[in-house]
Amino acid sequence: MKRWVSLDSGESEDPLPEDTCPDLLDGDSNAKPPPAKPHIFSTAKSRSRLFGKGDSEETSPMDCSYEEGELAPCPAITVSSVIIVQRSGDGPTCARQLSQDSVAAAGAEKPLKLYDRRRIFEAVAQNNCQELESLLCFLQRSKKRLTDSEFKDPETGKTCLLKAMLNLHSGQNDTIPLLLEIARQTDSLKEFVNASYTDSYYKGQTALHIAIERRNMALVTLLVENGADVQAAANGDFFKKTKGRPGFYFGELPLSLAACTNQLAIVKFLLQNSWQPADISARDSVGNTVLHALVEVADNTPDNTKFVTSMYNEILILGAKLHPTLKLEELINKKGLTPLALAAGSGKIGVLAYILQREILEPECRHLSRKFTEWAYGPVHSSLYDLSCIDTCERNSVLEVIAYSSSETPNRHDMLLVEPLNRLLQDKWDRVVKRIFYFNFFVYCLYMIIFTTAAYYRPVDGLPPYKLRNLPGDYFRVTGEILSVAGGVYFFFRGIQYFLQRRPSMKALFVDSYSEMLFFVQALFMLATVVLYFSHCKEYVATMVFSLALGWINMLYYTRGFQQMGIYAVMIEKMILRDLCRFMFVYLVFLFGFSTAVVTLIEDGKNSSTSAESTSHRWRGFGCRSSDSSYNSLYSTCLELFKFTIGMGDLEFTENYDFKAVFIILLLAYVILTYILLLNMLIALMGETVNKIAQESKSIWKLQRAITILDTEKGFLKCMRKAFRSGKLLQVGYTPDGKDDCRWCFRVDEVNWTTWNTNVGIINEDPGNCEGVKRTLSFSLRSGRVSGRNWKNFALVPLLRDASTRDRHPXPPEDVHLRPFVGSLKPGDAELFKDSVAAAEK
């Protein structure tokens, strides 16, 4: 029998007890293996069905048990090599193969253990290294590897390494380094360490993903040292962003997983390790980088926003130091969105505000800033905001994404109040769009006057089309009709263009696009009028008057140009969509129900003479109906019941019934439910709606005006867009490769009573209008001071170049030491730069 040799003393130890091996190793063919743990899911189909419903099991889904099966009896195998397991202190175990001489000195050979998936999985799950002592010998003797299919879970493709990673004890599992050493000696280390799940639910997840998810830096280091692929993508259903299904989207890659789980140390290790550094610009299956993934996991809560913005800032700075020329924030996903545009489109207002107002103080990373403080005086400071990816001159700009996003996007109205978006839209409105909008309003008013006049003086004799008489009035009328039809054609094609470009959903059609829809319906009625007119049908008048009525209603669209009227129009819209629609649904149900009951009760001919005489005497003076009115129809009964709703009904409008008590009870119940209950409830709901949306009405109006501004700009020619573009091209510093960093910037003057000018980045000593006065700049990359409203005509680049020249030949007459300025972030957001500010103050 084989004996085991101690590495320290070389003395023999007692042999392992006989019961350490299964009975079948002793040749007992009748012995049965112990029962395996039951499956969580009997089949892959049942498992996917259960997860689709969101059910759970006591056992972790990724740690499901292996299949239950019996071991086939095999003869005992003897080998001449021995595996020695040595534990060095508290560190990981290691394994080595003894030489033949050592084996000979150990004594007689011992029968070798047989291993299958069940035995290996049990050993690694229980952290039992002794059970795996003969595993290497078994694999070498049988010429097998741990990556063979017989050692993997047939349903999920899970290996023993993945099983061990899922069964850590106090953050470690001693079988992991042993398994890696065995894989190395069987020439399958790379394949073994990068083995991943193969089922559709956890497809692509490797041991490195699990180690990062378990927040275990030691295991991450061990796996990377042994060749783990840092670009492995976990793209199973569990790792996709699917509405209504459990899962966690983190960007598929290990780097994104570490970032989205707030593990900065692992992020730095993955990017800076000497074995296989991760690619910071790598994308997942939807084209998202690590920055996109951070935006995706943001949920607008304070704690989450703080960690996401902090991690975003750290990765951005680290990427700039590792790859100075890489523009990580400008990389787009498959939808063509940058991280900034993605934050705007998904309503992540905290992340959006951070990116727009980011001001980095480190000189080597200052080119990552999107905000540059120009000067400060007390609580007042002037800032230059970078307009790249913001203005409409670029595709998928932030303004377009917010304005044209779905109505279900959270914080859609509030995002337009974040600087510089708020001031930028106001500048666009004041400079150009306002005048164009008022001109369009005037033209539309003139169009409606012409349309109304032509409709009012339409011919009434004969059938259309009418002959043109040689009279001045007919010429004016025909001219008005032609202009009215031309306006309808214009609104029709404009509506077609709008629907093709925006492709709004049914909900967005009534919430955000109601004005465009009304203009389109107005055009449809006008075109129907033309068709009926030339078809010799007098019914053209019906469609014409509908188009005329909608035309005047659409005048409310132009209230967007006036704040008070615009907010009032928003309230009307919300009350119609929220309260009136629900009221009309319930009211129509009551009206139809009681009308069918009353019309069933009424019998024509019953007491006809008395009824006709009484009703004729009662109603003829009001001109409401003739003496021979019949109420044995649903239409006439509905009209009578509608009069009860507005308080003009008569309980004795007919006597053609047999059961007077039943008739009166029906009418009284209808009056109570509609005139008393529903109408008063509608009034109360409208009052509540006004109070509720009073605060957000201004934001909604600003959103509507922003849409109008962008629609107006789209009608400009390309040369006009450049001429009317807000902001100015300025040099704000130098790029990492030494070139001029020129950006299109927009100036915003802000007042902040909580952050004073004790911390200054780029600042002029003389704020305001000080032309001709010598300026002392306080930073090596200084910008010139822009004064007042004429800041666009001020040349900033010469001052920067002059400042840079002086910095290259240092002999300053005096040193001005000013501490860096944090910016205009909110108090909660300003804490994100707390560490960098403290370091700068030191």
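Quick reminder: no glycine exception, Cβ is built from N, Cα and C everywhere.
Source: prediction; values computed, not measured.
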(request) Looking at the candidate ranges 386-420, 771-805, 806-840, report the one that Swiss-Prot labels region 'Interaction with calmodulin'. (result) 771-805
(request) Given that Swiss-Prot annotates Y514, S515 as resiniferatoxin-binding, name the residue from R458, R469, R477, R560 that shares the site. (result) R560
(message) Labelled motif 'Selectivity filter' by Swiss-Prot, one stretch among 183-186, 287-290, 647-650. Can you tell me which?
(response) 647-650
(message) Quick check on Y657 and D512: does Swiss-Prot annotate them with the same topological domain, i.e. the same side of the membrane?
(response) no
(request) With Swiss-Prot open, pick whichever of N173, N607 is annotated N-linked glycosylation site. (result) N607
(request) State which of the following modified residues has the fewest other Cβ atoms within 10 Å around its Cβ: T373, T708. (result) T708
(message) Which sequence-distant residues neighbour the transmembrane segment (563-601)? Criterion: at least 6 residues beyond either end, Cβ under 8 Å.
(response) 510-511, 514, 556, 631-634, 637-638, 641-642, 645, 657-659, 662-663, 666-667, 669-670, 673-674, 678, 681-682, 685-686, 689-690, 693-694, 697-698, 700-701, 704-705
(request) Using DSSP with the three-state reduction, classify T708 (phosphothreonine) as helix, strand or coil. (result) helix
(request) Please average pLDDT over the topological domain 'Cytoplasmic' (501-513) for the predicted structure. (result) 77
(request) May I ask you to report the DSSP-based helix, strand or coil state of T373 (phosphothreonine)? (result) strand
(message) What does the structure give for the C-alpha distance between T708 (phosphothreonine) and T147 (phosphothreonine)? Integer Å is fine.
(response) 62
(request) Enter the number of other CB atoms within 10 angstroms of the CB of T147 (phosphothreonine). (result) 20
